[in-house]
Amino acid sequence: AWTHGDPRKVIYPTDSQGQFCGQQGTPNDSAPVPRPFPTRSPPVPHQFSPPLQICVSRCPDRYLTYLQATTSKEDMGYYRSFCDPSLFVPFQSVIQVLRDKECPAMIIPSTPLARRCFPAIRAKKGVIMVGNQTTYDDGHGRRRNVTELLEGAKKANVVLEARQLAMKIFEDYTVSWYWIIIGLVIAMLASLIFIVLLRYLAGIMVWVMIVMVILVLGYGIFHCYMEYAKLKGEAGSDVSLVDLGFQTDLRVYLHLRQTWLAFMIILCIMEVVIVLLLIFLRKRILIAIALIKEASRAVGHIMTSLLFPLCTFFLLCLCIAYWASTAVFLSTSNEAIYKVFNESSCPFSGQTCHPESFNTSNVTKLCPDAQCLFAFYGGETAYHKYLIVLQFFNLFMFFWLANFIIALGQVTLAGAFASYYWAFKKPDDMPAFPLFSAFGRALRYHTGSLAFGSLILAIVQVIRVVLEYLDHRLKAAENRFAKFLLGCLKCCFWCLEKFLKFLNRNAYIMIAVYGTNFCTSARNAFFLLMRNIIRVAVLDKVTDFLFFLGKLLIVGSVGILAFFFFTHRIKLVEDTAPPLNYYWVPILTVIVGSYLIAHGFFSVYGMCVDTLFLCFLEDLERNDGSAEKPYFMSPNLKKLLKKTNKGQPDA
């Protein structure tokens, strides 16, 4: 790709000969903007004549036809800059110049956009105008309405408006970037404080949540009973749901006693189920809370782990940059293809030609009006035919590399936190630099296992991309069975991807702990979790709730603070807030940035909880508290499970 590709095809436009406009070292280096000529429809059937494009130094700024320009030397001098210099011959007749497309029949006021000239369309009091006029001369003696130019420049105007919006947004960033950084620092400090406070407040938050759920359900039961009692004796309230049937206005059901009775029964069942689960799972909830507290201590001893996501993010950025640049080079690997275009019958019409030798070929002798014009970028070699396959391979390698980088981050964090758990005397028995030690072990011993796990996940993700592509192609199809089958496949592979991510994550933890290969680690992790499925479910839901609460608290508080600050509603710093075009620009930036920061902190914390949980399960199964096999869990967990180390002091 890097040998054959040329990204200039994306950046710089070309003229009708395929030459770049405004690129140094090319014939058009002093004319950066191409301008398309309006061309007549050719009389030859099925023969497409592309619009003639030339590179110009500036876009036209006035209405002018070639016929009008011939009456004035000054106008002709100006008009000549928009003619094809390779074709234009002075002192030719008007008919001959327009027939040979040496010059455009007319020019209109235009504006440069993305290195191209587009009609300068604007609206004044609801009237579409180009250059302060509503009509123009098309160069063939007819007056046309400027709305005929609207369709061709509609997308250009959207881009132009988007550019103006982008400029205002950029101005807002230039005056508010300092305060945005302060807001993100506040989010970082809040995330750190929340993780530290989980050591002390995890139990309180979990039990408060459980009590609130029970109270809310209790109030719902009370409210349903009151509504049920209030409707007693009212006309029509005793009609059954079966007799009423289906109604589009759902408010009708609220006037029936049976509706509130059904609501009350459902809420009562939910209340009873939650209370029973609380009674039978109270010990497992306590274990989950203890593990969350222990994870907070582990993160406190390995503070560098909170910065490790920056390393993963940097590597992912490199991976994305490599994939994107390779994709651009691949997509621009095509060669310039020239075709024979003519306005009369010609046996060579549509055939490939070479501009260098075209004038001396037999084509010009048999077809005097034929031209060798740039048609498109393409190629007929094996390399060009299989470009789509190479793009597909590039996408597959992107998924593989991205998954490998994520896996490297997970196994590094797992190795660091596992060294904390398996230290008998915490933190004295931990290595001096647990994170760097784990990173070195992962690179030295486990790259094969990480690559294999990433490969399996990448294959599933590529299959999902193919299914999405097929779904997009079949949207207009009427085959319902094919759509149904495709929907089922998409759902199945989505579930498979989620399961593989869960399995890989736990397999990487076992790799970090024991150093076994991927398949062995995945099997051991899976069966270990299946033997403790209830503990897994409880811990997962408890941590999900705490992480949701933390993200909501951090993002919400920082977002509200940013809203009041940038809208000048805080009187103490009312004059400090910068003037903005759109106050939502820095507010949204702070909110999104706060979420990403909180997510980064909690992803480390979540990996810590999962690692300590698997280590805790292994500790329970492999050790018995004897002198030969002591427990490595914290004193709080041993006290909770009523476990002791015989003959040895607790860590």
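From the backbone N, Cα and C atoms, a Cβ is placed for every residue, glycine too.
These numbers come from a predicted model, not from an experiment.
Annotated features, as they stand in TrEMBL:
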| type | residues | note |
| --- | --- | --- |
| REGION | 13-44 | region 'Disordered' |
| COMPBIAS | 14-29 | compositional bias 'Polar residues' |
| COMPBIAS | 33-44 | compositional bias 'Pro residues' |
| TRANSMEM | 177-197 | transmembrane segment |
| TRANSMEM | 204-222 | transmembrane segment |
| TRANSMEM | 260-281 | transmembrane segment |
| TRANSMEM | 302-324 | transmembrane segment |
| TRANSMEM | 397-424 | transmembrane segment |
| TRANSMEM | 445-467 | transmembrane segment |
| TRANSMEM | 507-530 | transmembrane segment |
| TRANSMEM | 542-566 | transmembrane segment |
| TRANSMEM | 582-602 | transmembrane segment |
With Cβ-Cβ distances below 8 Å as the criterion, list the same-chain residues six or more beyond the ends of the transmembrane segment (302-324) that contact it, or say none.
192, 195, 394-395, 397-398, 401-402, 405-406, 408-409, 412-413, 416-417, 420, 434-435, 600-601, 603-604, 608
Cβ under 8 Å, sequence separation of at least 6 from the ends of the transmembrane segment (445-467): give me the contacting residues as numbers and ranges.
392, 395-396, 399-401, 403-404, 406-408, 411, 486, 489-490, 493-494, 496-497, 500-501, 504, 507-508, 511-512, 515, 517-519, 521-522
Count the Cβ pairs between the transmembrane segment (397-424) and the transmembrane segment (507-530) that lie under 8 angstroms and are 6 or more residues apart in sequence, then report whether there are at least 3.
yes
Of the listed stretches (177-197, 507-530, 542-566), which one yields the highest count of Cβ-Cβ distances below 8 Å with the transmembrane segment (204-222)?
542-566
Contact set, same chain, for the transmembrane segment (542-566): CB under 8 Å, 6 or more residues outside the stretch:
176, 179, 183, 186-187, 190-191, 194-195, 198, 202, 205-206, 209, 285, 288-289, 292, 573, 577, 580, 583, 586-587, 590-591, 594-595, 597-599, 602, 605-606, 609
